[in-house]
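J.: Structure incoming, see below.
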Amino acid sequence: MAADSEPESEVGCPLTPLPPVSIAIRFTYVLQDWQQYFWPQQPPDIDALVGGEVGGLEFGKLPFGACEDPISELHLATTWPHLTEGIIVDNDVYSDLDPVQAPHWSVRVRKADNPQCLLGDFVTEFLKICRRKESTDEILGRSTFEEEGRVADITHALSKLTEPAPVPIHKLSVSNMVHTAKKKIRKHRGEESPLNNDVLNTILLFLFPDAASEKPLDGTTSVDNSNPAAEAGDYTLYNQFKSAPSDSLTYKLALCLCMINFYHGGLKGVAHLWQEFVLEMRFRWENNFLIPGLASGPPDLRCCLLHQKLQMLNCCIERKKARDEGKKTSPSDSMTKAYPADAGKAGGQLGLDHLRDTEKEKGEAGKSWDSWSDSEEEFFECLSDAEDLRGNGQESTKKGGPKDMAPLKPEGRLHQHGKLTLLRNGEPLYIPVTQEPAPMTEDLLEEQSEVLAKLGTSAEGAHLRARMQSACLLSDMESFKAANPGCCLEDFVRWYSPRDYIEEEVTDEKGNVVLKGELSARMKIPSNMWVEAWETAKPVPARRQRRLFDDTREAEKVLHYLAMQKPADLARHLLPCVIHAAVLKVKEEESLENIPSVKKIIKQIIAHSSKVLRFPSPEDKKLEEIILQITTVEAIIARARSLKAKFGTEKCEHEEEKEDLERFVSCLLEQPEVAVTGAGRGHAGRIIHKLFVNAQRAAAVALPEEELKRSGCPEERRQTLVSDFPPPAGRELILRATVPRPAPYSKALPQRMYSVLTKEDFRLAGAFSSDTSFF
């Protein structure tokens, strides 16, 4: 193409000679073949589970990255902004326009449309479970675990009543953990199951690492706090998302179910693993093995409900384990400690009562009776009465009766109060051992609130509500009375609620200033609940009181709740944990790349998720928005890594060049078009040039041999065919001139013509101006 004076002819220039025409040319070259820069990301292989690795990632962590190169094309625009007409030749045979010599280079990247990103796909597929309606039984086939269990219990009911002996289990392993469960499952599901044994055992070992220990399980929970900074950040997230700590069993279970759902069995695999998990929970409850990966203490209401339920079950196991361990203590030893040899001489009835109480205490604190025997409250009371009868029989020969009753002896003391003494007898005030409050999950608290609200605002309803809420108060009063014989309500209030005992200085008859105290106004209200409870309370130490927390009943409620969960319910419970894990993953990956725009999006994701996940049953649309944001971040990070690999940022020998390249890559991610500093002679320009050269050489090697044989030596022919750049995908020209129009004496005005030529298209556009004065 030889540049001519098209603008002058178009505008009908009346001048001779014609004014000069300025030409700007831009050629665009497209790079699609990246050659050695292939995309290495491969989908995880579930078979690698058994080896402890999945897709090159540590098992238990979500995978990350795109399965295809997220950068599909690179567009290089070489620009000659100021050329003079008549000196440039550009045609099919020859061209003066060498891209390497162009003074300006700019680059655009074309992104792959919706690249498959592993993390986004994992979370999206897990969300789909929430929309399923099937129950676990419908998915796996009707199970009769419970029916077989009932038959076995009924068959051995009498033997359990007459021979209450704990089953000795010295070591727990994966094999005996799931052996019985697998036998029962196979009866109803056939020999094939969604998860094979290797995968299942690996997952169970990951969830329950204590099962692999050669030592007997001591039931201690293990929480890894090796990284305090990370733990602090994670605390903020799980608190905001209402999920679970990242080292907890609930969090690990969510990751396992997410991976199984995506790669191994889908919904069936999820149902299978969940059923195994529930069986494991019952096994641990029945055999007093604490659940690992759960913080000790009452349920954490900041976590998801499923995590709270597992913590509640752990609390039940702790209480049951304490009772069973207490039961192993020999009767003679415990009686010697609690009942001195000369106690019976002081009064036979007191001795008998004390022995009965001691026996009852052992029944409370150390009861094993297999798993079912304390499954209902009436069973527990009957067993306690049986022990009372046994105690009566043993002590029937002792002398004494009601007339020989001795003064009450203090029981259940924790330690002496530092300052206070009893008001009536001046004895030191002792702080009693009290029962711990019953742990509660958020759904139990809601139920309790509903019951209390239904009592209404009447006087009777208010009184009943107060009595229901004062069970713990009554227990503490009884413990206080047992620890402090001769005490009064004022003594209890001074310890339990000091602000309700008002002291003031007064002058006595002798003129001395003394302290005089009295109960507060609210304690003097008629029919005060505290006064009623104090009058009702008997001096009974905590160890002999009726339990505030029936661990057996609560454990069975939790196990029933777990067994009734459908996969959709389970996914709803665990989705906050999965999103929590996904956010932690993108934060971890972003920290390696340091992309400012991604940091901003992650903050938006956290803020959005905190609002959505704090409430039960969030809308699917809002959840999808969160997942879309996570996928967007994943794609941006994948693009950054793709560009860094292509431009070889890690191979730079000079730190300055490396920083320039990283800045260039960052701009490519965030801007539609980026200028190349130094054009073809700069560091980035040389890399781009090399990319095109490699692609051209590969294209020449792939040419058919027939074309190489047409003329001359193959090597010579190949050399003539190979150029550094392919033919331009697009040619753009802008012709500019300043011409007086429409008359020679008109004002000289700018004239512009634009043309673009591609393989499929040719466009021509002009912008011409005329002097309108006097015309």
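Just so it is clear, glycine is given a Cβ too, placed from its N, Cα and C backbone atoms.
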J.: Have a look at 128-155, 324-351 and point to the one annotated region 'Disordered' in Swiss-Prot.
T.: 324-351
J.: Neighbour count, 10 Å Cβ-Cβ cut-off, for S458 (phosphoserine): what number do you get?
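T.: By my count, 9.
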J.: If you run the three-state DSSP split on S458 (phosphoserine), which class comes out?
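T.: Its secondary structure by DSSP: coil.
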